[in-house]
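Structure record follows, encoded as C-alpha cells.
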C-alpha cells in the first residue's frame, strides 16, 4: 500500500515544481525577446497600476504570410484589449496581459473577401519613463480548410507610445513579429494624454455665408463628430493650386476624396479644443461606397491610412459656428515587399490651415451637409481668401444631416427651366388612370432604385434616386422629422405640380472595361401628381469631379400605385447640349427596380404575418394529428404491425429536412426584408415570433413522429405471431419499399432533367430537389396504400386513425389551394418571391397544374385508404384470401 502512496506524493511534487517553473520560463522568454522595459516583480500590497495613455484600435500593414489580403482598400485593423494590469516594484513600470487581434480580409482562394482574423495572447511590461511597451506570447488563426488552427510561436509586440502626444507626435507606432511570420507594422491615433499647441486662427469667410449654429445649446464633441460624419468629402482645387512647387499645395497630390477619420476633444469642455485626423485618397475605386465604414467590418471607427493625411488641432469657434484648425502633413511611405509596412511621417506643422462649417442654405449647385477649406497658412494668402492660390475647398454631400432639417433653407433655382421642358413634352401632362405618389401618401414613395439600359436591353449600371425636398418640406435625413415635414406640407402637396429636388447616384462601366465610374446628380424640377410624371433639370458631376454640367434633363414616369406593373418607374437621363459640345452624352434609359410602394409594403407585411400564422397553425395541427395517431395505436396495439414504416420515415424526413436545411434560410431571408419594412412602418415582430414558435413545433412534430416510428418497428420485433407471420410483415414492407423507391427515384431523375434543360445555376438544383421532396410529402399515404394492397386480406383494426391520415393530407393540400388563391389576388414585384412564407416555392412544387393535381391526388389516396381500412386491402372481405391462407376470426364470447 505504501508504493501507490509514494507515487501520489511524487506526482504532486512534480506538479508543484512545474507550476513554480512556469513564471520563470515566461520571464526567461520575455528577457530573451524584450530588452526594454526590463521585467520587474509585481508589487506587494496591491498597489494600483499606472494609467496607460493607450489606444484600443489602429491600423496594421503587412501580414501577407498570415493570409491577409494586401489590397489597400480592404480593411486592416488591430484591436488591443488589456486583460489585467498590476503595479510593479519599479514605479514607472506596469505589468500587463492583453489580447491583440488583427482583423482584415482573407488573402486568396475561395475565402477572398471574407473576414479573416488572427489573435495573440500576450504578456509584458509598459514603461511610462520611456513610453515603450514590449509583450511576448503566441497566436493562432483558423486553417483554410476550417479544420483546426495554425499556431504562431514566439510572438513579440513592441509599441512606442508618445509620452506627451501633440500635433507633431500624434501616433502610437510599433511592430509585431514572430518566429513564423514577417513583421507587421502597427499605427494608431493616440487617444489620451494629448497636449494642444498654439491657438489656430480662422480667416474671415469670403462672401455672405449663412451657417448653422449647431452648438447654440452648448459645445458637444459627440454632436460635432456626428455632424462632420463618416462620409466622403469631395475636393475642389481652386485656380492656382497646380502652380505650386509642391504640385498641389497645400496637399502634395491631387486627391479625389477625403475622410475625417478621427475627431477628439479636450476633457475640459469649456476649452472647445478639438483635434482631428483627415485621410486623402487619390485613386479610390468608384465602386467603393461613399461611407468609409464600407472599408471595415463594423467593429468600430478604425484608423485609416490613405495616400496622404493631415493631423490637426484647434478649437470650435462658437461665435462664428466654425471649426478652426492648424495642421501638419502626414505622408505615407510603404516599404513594399511581403511585409508591406506603412510608415507615417509628420512634417510642415503649422503651415496648413483647415476650417469646417455647416451651410444653412442649400441649392441644386450646393447641397453640402458639411463644408470647409484647406489653405496655405504661410505666405501671401494667409487671409484665407477662397479665390487665392493654394486653397482647396471640401464638401460632404453624402449621408444625411443629423439634426433638424427645418434649420436649413432650400432655394429652387432651376424649377422655371424644368417647367419649360415639361410644357414642351405633352406626353408628361397627359392624365393616366390610377393613383400616383404624392398628395397624402408617404414621401418614401418618391425614392427608387434603378437599372440603366443600353442597346440590346442589357444592363449598363445601376443607381438610386431619392427626394431631397418636396415643396417646402425637407425629406432627406431623419425619417421621423421628414415624416413631420411632409405632413405639414399637406396644402402644398394637394397641388397638381409640386416643386421637387432630387439626388441621384449611379455607376456606369467606363470605356476601358475596368472598375465602374460613379456619377452624382443634383436635380430639381416639377412633379405632376395626376400623371406621375417627373421632369427635372440637373447638374451632373463631370469626370474630374471639380465642376458640374448643369445642362442635363431627367424625366421619370412612375407606375400607378394601384396597378399591376412590375416596373416601379421608367425614365431617361439626357443632355441638353448640342452633339458637338464636349460635355454632350447619349441619353441613358433606366428602369425602376420593382420595389414596392409604402402602401404595397404594408399589404405585403400583413400578408406575410398572416402566412406565418398559417404555417405555425399547420405545424400545430400536425402535432395534434400525430398525437391522435399515438393514442390510436395505444388503444389498438394490433394496428402497429400493419403501419407502413416507409410512410413514417417519409413523414419524419419531412419534419427533419426543414430543420436542417430550409427553416433557417427561409426565416433569415424573410426577416431581412421584414426588418427593412420595420424601420419604415414601425410594425411589430410577429414574423420573428412565429419563426421561433415554428422551430419549436417542428421539433415537437419530429419527436412525435419518431416515437410513432419506434413503436411501429418495435411491435414487429415483439409480436407474438410465429416466425412466418413476422416474415410476412417484413416481406410486405420490403415489397412496399421496392414499389415506392423506383417511383421516387424516377421523379428525382425527372427533376434533374428539367433542371438541366432550364440551365439553372448549380445551387438551384438543391432548391428543385427540396421542392420535389415537398411533393413526395404530399403523397405520404402512397406507401400505406401500396402496403395494404399487397397485404390483400388486412381485415383487422384500421392501421391509421382517420384524424391522422385525413388531417395530415388536408394540411399538405392546403398550401396548393392557397397558392391558387394568392395568384389571383396578389401580383408581386419581380423581386418579392422571397416574401412567400406559406406555400413557398422552396417547400413544394407549385403551379396551375400542381395546385389542382396535388389536392386531387391527396383526396384520392385518402378515399382509397378509407375503403381499404373498411373493406380490406383488395376492397372486399370475400375472396380476399390467397390460396392456403386462413382468415382471422374473433374468439371472444359474448
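In case you wondered, yes, glycine gets a Cβ from its N, Cα and C as well.
Automatic prediction, not curation, is the source of TrEMBL annotations.
Summarising the annotation, TrEMBL assigns domain 'DUF2921' to 30-177 (among others).
Under the heading domain 'DUF2921', TrEMBL lists 244-382 (among others).
What TrEMBL lists as domain 'DUF2921' is 419-588 (among others).
For 602-875, the entry in TrEMBL reads domain 'SWEET-like'.
For 1-27, the entry in TrEMBL reads signal peptide.
Marked as transmembrane segment by TrEMBL: 642-661 (among others).
The transmembrane segment annotation in TrEMBL covers 692-709 (among others).
Among the features that TrEMBL reports, transmembrane segment is placed at 736-757 (among others). Long-range contacts of the transmembrane segment (736-757) within its own chain (CB-CB distance under 8 A, at least 6 residues past either end) are made by residues 644, 646, 764-765, 768-769, 772, 775-776, 782-783, 786-787, 790.
As annotated by TrEMBL, transmembrane segment applies to 769-790 (among others). Tertiary neighbourhood of the transmembrane segment (769-790): same-chain residues 642-644, 646-647, 650-651, 653-654, 657, 661-662, 732-733, 735-737, 739-740, 743-744, 747-748, 751, 799-800, 805, 808-809, 812-813, 816, 841-845, 850, 854, 857-858, 861-862, 864-865, 868-869, 873-874, selected by CB-CB distance under 8 Å and a gap of 6+ residues from either end.
The transmembrane segment annotation in TrEMBL covers 845-867 (among others). Within its own chain, the transmembrane segment (845-867) has Cβ neighbours under 8 Å at 771-772, 774-775, 778-779, 781-782, 784-785, 788, 800, 802, 805-806, 809-810, 812-813, 815-817, 819-820, 823, 839, 875, counting only residues six or more beyond its boundaries.
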Using DSSP, tally how many residues of the domain 'DUF2921' (30-177) sit in helix, strand and coil.
10 helix, 80 strand, 58 coil
Which sequence positions outside the transmembrane segment (692-709), separated from its termini by at least 6 residues, show Cβ-Cβ distances below 8 Å to it?
612, 615-616, 619-620, 622-623, 626-627, 629-630, 633, 643, 645, 648-649, 651-652, 655-656, 658-659, 663, 667
Would you report the average pLDDT that the model assigns to the domain 'DUF2921' (419-588)?
79
